[in-house]
Amino acid sequence: MRTLEDIQKHYGRELARRAMELEAVRLSPEEPFTWASGYRMPIYNDNRRFLAEASARAYICEAFAAAVETLGLHPRNIAGTATAGIPHATTLADKLGLPLSYVRSQGKDHGMKQQIEGLTRPTYEGVEVLLIEDLISTGGSSVAAVNAILAADGRCPVCLAIFSYGFPASQETFSQIRPVCTPYSLLEYDTLVDVAHEAGYVSEDGARILADWRIDPFGWGERHGFPKKG
Ligand SMILES: O=P(O)(O)OC[C@H]1O[C@H](OP(=O)(O)OP(=O)(O)O)[C@H](O)[C@@H]1O
Ligand SMILES: O=C(O)c1cc(=O)[nH]c(=O)[nH]1
């Protein structure tokens, strides 16, 4: 496949269909979910459900490998974000025959106090690292992981995710990283919602909630009496 758009068209829609089958996408406007960023949101995409099916894991691995080829990447280490990026980083590292590492949200406060696990030397020693994330919403978790990789002397030009909400806020967060790290995802929110509509997965009420939420996702909770936590 020649472009990332080709990959998203080929793999993204199928991943969205599988997410519906696995009931990975939930709406709960009455009792909103709390996201990693603390925002209360009416939607949650639980990509961890993909882990339940060997064929879904293999499909995601194939899609990531296709993205690596299309983007012309030559990573020497595959890093997963803890926790949900780790299984997919593992299958990809196995497929590519590369070392695997993973990045905790912060260093341990005991043991060897590591934030990055899986290195046999103190740093990445300047090699190209490909970061694998399961989901990007604000981008805060991925960017923290990229910064940890950079601090450990890794180069990290790309972060690949299964799913992204495509918020401008995440682009903004990523744009602050130097050297540049570009996020790409196999599936984006608009495709997920298109497929959900086609499959009759979203009720009329659900569609209204999603449309209202999409106008101002980070103000939605406050407007409905659910302020940000933390
Ligand atoms: O883009 P962000 O706003 O940072 O949100 C996305 C992050 O949130 C989820 O992780 P979570 O913190 O729930 O932990 P987990 O990976 O252990 O499930 C998800 O797996 C991403 O890492
Ligand atoms: O931002 C998050 O924490 C988040 C959102 C979402 O839809 N799914 C998820 O696993 N995390």
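Here the Cβ of each residue, glycine as well, is placed from N, Cα and C on the backbone.
Record features, source TrEMBL:
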- ARG104, LYS108, HIS110, GLU133, ASP134, LEU135, ILE136, SER137, THR138, GLY139, GLY140, SER141: 5-phospho-alpha-D-ribose 1-diphosphate binding site (BINDING)
- SER137: orotate binding site (BINDING)
- 63-153: domain 'Phosphoribosyltransferase' (DOMAIN)
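The structure, with features from TrEMBL marked on it.
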residue: ARG104; record: 5-phospho-alpha-D-ribose 1-diphosphate binding site; Cβ neighbours (10 Å): 16
residue: HIS110; record: 5-phospho-alpha-D-ribose 1-diphosphate binding site; Cβ neighbours (10 Å): 6
residue: ASP134; record: 5-phospho-alpha-D-ribose 1-diphosphate binding site; Cβ neighbours (10 Å): 26
residue: ILE136; record: 5-phospho-alpha-D-ribose 1-diphosphate binding site; Cβ neighbours (10 Å): 28
residue: SER137; record: orotate binding site; Cβ neighbours (10 Å): 24
residue: THR138; record: 5-phospho-alpha-D-ribose 1-diphosphate binding site; Cβ neighbours (10 Å): 20
residue: GLY140; record: 5-phospho-alpha-D-ribose 1-diphosphate binding site; Cβ neighbours (10 Å): 17
Secondary structure content of the domain 'Phosphoribosyltransferase' (63-153), with strand meaning DSSP E or B:
31 helix, 20 strand, 40 coil
Binding-site residues whose CB lies under 6 angstroms from ligand 1, from ARG104, ASP134, ILE136, SER137, THR138, GLY140:
ASP134, ILE136, SER137, THR138, GLY140
Contacting binding-site residues, sequence order - ARG104, HIS110, ASP134, SER137, GLY140 vs ligand 2, Cβ under 6 Å:
SER137
Cα-Cα distance, maximum over ARG104, LYS108, HIS110, GLU133, ASP134, LEU135, ILE136, SER137, THR138, GLY139, GLY140, SER141, record's 5-phospho-alpha-D-ribose 1-diphosphate binders, Å:
30
Round to the nearest Å and give the CA-to-CA distance linking HIS110 (5-phospho-alpha-D-ribose 1-diphosphate binding site) with the residue listed as 'orotate binding site'.
30
Mean of pLDDT values spanning the domain 'Phosphoribosyltransferase' (63-153):
97
